[in-house]
Every structure is written in C-alpha cells, then in structure tokens.
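Structure, as structure tokens:
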Amino acid sequence: MMNESQPKLKYKRILLKFSGEALMGKSQFGIDPSVLDSLARDIAELIHMGVEVGLVLGGGNLFRGKALSQAGVGRVTGDHMGMLATLMNALALRDALERIDLPARIMSAIPMLGVVDPYHRRKAITHLRNGQVVIFAAGTGNPFFTTDTAACLRAIEIGADIVLKATKVDGVYSADPLKNPDAKRYDYLTYKEVLTKGLEVMDSTAICLCQDQGMPLQVFDMAAPNALKRIVTGEQVGTIVGANHDQ
C-alpha cells in the first residue's frame, strides 16, 4: 500500500515488455545475472510504491529462429522453440525476484504443469491485486505472433494502464541514430504515425491491437536512471505512443 510520503502514481497497473537480448547484458548469449538482479530491484521498487506489475520477456538471448529457418526448420517449430526460451527467461527472473523476497508467479500460454501455472486471466488479476509480480510466458501460445503482440494482448486482458517497452535506446527515432546522425527522436507519436512511417516500435499486429483498444505504449531506455519510477509517476521518459500527442 502506498503511503502519503510516496509520489502520486499516474499508472497503477503496468505491463513491462523486456527483450531477451536485453537480458544478455554485454554478452553474446544467455543471461547476465547482474542485468537480472538489476531488473528485479527495479520491479521491487515499483511494487513497494503500490504499482501492480505484469511482465512479458522475449527469448532472443537463448534462441533465434532465423538461422534454423534458413537451415530448413519450419516456422511453426521455430516459434514453439522461441516460446520455450521465454519460459526459461521467466524462470530465471522469478528466481531473482524471490531472492529479494518479492512474490512472483509465472503464467504460461503453453501448459507446463509442475513447473509454471497455465495462463488464466482472472487468476492473473487476483495475483496482481495481491502484490505479486506476474510473468506471462510462452507468448500468446500461437505461432506467427511476437512477444510484443503477446505483451499488448496481456496488457489489454488484465486492464493495464500502459505497455512499457524497455529497450537499449532512449526512445523511437525516425531512423537508426547509430547510422544516421540526423535521425530525430520523437517524444510523442500516434499509432497511425507509427504505422504510416514504418517506425520500429513494435510489429504492426501489436500496434494495431493497441490502437483498436486504446492501449498506450511507452518506449524507453532501461538503463536510464530510475526510468520505471519516473514513468509511473508521470514523467515523460522516452517516446509515448497513443491515440494523440497528449496521452
């Protein structure tokens, strides 16, 4: 429960999307324990502020389907392997959260009894209300859908206030800022602008889903100091995507 000395929250329930690649840290593969522990501490701070936190993790640090696809492995098989990679990341994060005495539940779109709970919308909402972190794993459970789309879907289902996409850059740019020094960083974008400009925020399925349901997105640099705390208290960090420019 938030006490009177804590700042007023703009977002009470969030869905945080964290890429698998971000979990690698400076490595080329796997999970950097220091990144995992840092993420767990950031989440703990939000929970202690009274924020309800759901998460979706990517799996790109453990599995990339492109190489296997080029070798002849089918797309559906590759996508299923990617879903399992997200489960491995979810298990690692749950362990990191529990090491700092923060209760966490994993809910998987693919049943894996005895390891994680199956996804159940009403139970997920109950866990969130009880102060537990809920990690949604295995994407949507269907091939051809990205973890970005899964994040937006789960956010809508649980009634989150916003989807927060943590990246390695400080927002959305008109072009790759590493390749184009004239690239412009946007503070605000509409869903339509993202789609018409072909900006790499999320895949078009995820953007259209958010547009249809009025779910705002915020893209930010996870390495920015106190980024999550600043966002949930209403500070403009990174790029906000919504129906208009005054979300």
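Placed from the backbone N, Cα and C atoms, the Cβ positions cover glycine too.
Listed by Swiss-Prot as binding UMP are D79, T140, G141, N142, P143, F144, F145, T146, T147; the candidate from G54, G59, G171 that the record includes in that site is G59.
Within the same chain, residues at least six positions away from S19 (ATP binding site) with a Cβ under 8 Å of its Cβ are L57, G58, G60, A166, T167. Remark: G59 (UMP binding site) has G20, G82, M83, L84, A85, T86, M88, N89, T147 as non-local neighbours, by Cβ distance under 8 Å and separation of at least 6 in sequence. In this structure the residues listed as binding UMP are G59, D79, T140, G141, N142, P143, F144, F145, T146, T147; their two most distant Cα atoms lie 15 Å apart.
A Cα-Cα distance of 18 Å separates F144 (UMP binding site) from K17 (ATP binding site). Between the binding-site residues T140, N142, the minimum number of other C-beta atoms within 10 Å of a residue's C-beta occurs at N142.
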